[in-house]
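Per TrEMBL, the features are:
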ACT_SITE  167  active site, proton donor/acceptor
BINDING   28, 32, 98, 117, 121, 151, 152  substrate binding site
BINDING   28, 94, 121, 167  Zn(2+) binding site
DOMAIN    25-171  domain 'VOC'
């Protein structure tokens, strides 16, 4: 089986109106979180994301928090408009909190980086990896890999409160690694 060429959309067709996927958008990645207060603090205060919207589902006892790198002033005030706007953003992070997990000391989620391996990480592009990591270190963020560690220099991996890995990278530096 041949691998599609870089830039080839699904079905190996040129992108354009009438083609599958021409108007699709990668909208969200969902992570389950134990304690939304800790997770929201991490993703907003430490990583600088903006909380776009929260949805509560009382009958099913869970909440969804949507975050992204968006200007808070662009968030529509009207709930219906805000919902449509939230789901039209590129690359949002959906944090799912099942109520009560924050009170269960035995509750944890598998981050996919130990056996059985699966999900690996999300990635955040920053202007300066070393500067970002210095700040993370000052804030007590747990590192999996610092920029000067390992064979792939210049990028880092940190962990969120649930142990999910976040790659910290600079787009221009990535060309030296590939």
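These residue numbers are counts, starting from 1, taken along the chain as shown.
Note that Cβ sites are derived from N, Cα and C of the backbone, with glycine treated the same way.
Unlike curated records, TrEMBL annotations are generated automatically.
Shown on the structure are the features that TrEMBL records.
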residue: 28; record: substrate binding site; Cβ contacts under 8 Å, 6 or more apart: 66, 91, 92, 93, 94
residue: 32; record: substrate binding site; Cβ contacts under 8 Å, 6 or more apart: 95, 96, 97, 98, 109, 162
residue: 117; record: substrate binding site; Cβ contacts under 8 Å, 6 or more apart: none
residue: 121; record: substrate binding site; Cβ contacts under 8 Å, 6 or more apart: 113, 157, 164, 165, 166, 167
residue: 151; record: substrate binding site; Cβ contacts under 8 Å, 6 or more apart: none
residue: 152; record: substrate binding site; Cβ contacts under 8 Å, 6 or more apart: 177
Three-class DSSP assignment, residue 117 (substrate binding site), comes back as coil
Secondary structure at residue 152 (substrate binding site), reduced by DSSP to three states: coil
Students should find that the Cβ of residue 94 (Zn(2+) binding site) has, within 10 Å, a number of other Cβ atoms equal to 18
Within 10 Å of the Cβ of residue 98 (substrate binding site), how many other Cβ atoms can be counted across all chains shown? 15
Near the Cβ of residue 167 (active site, proton donor/acceptor), how many other Cβ atoms are there if near means within 10 Å? 17
Which secondary structure state does DSSP assign to residue 32 (substrate binding site), in the simple three-class scheme? strand
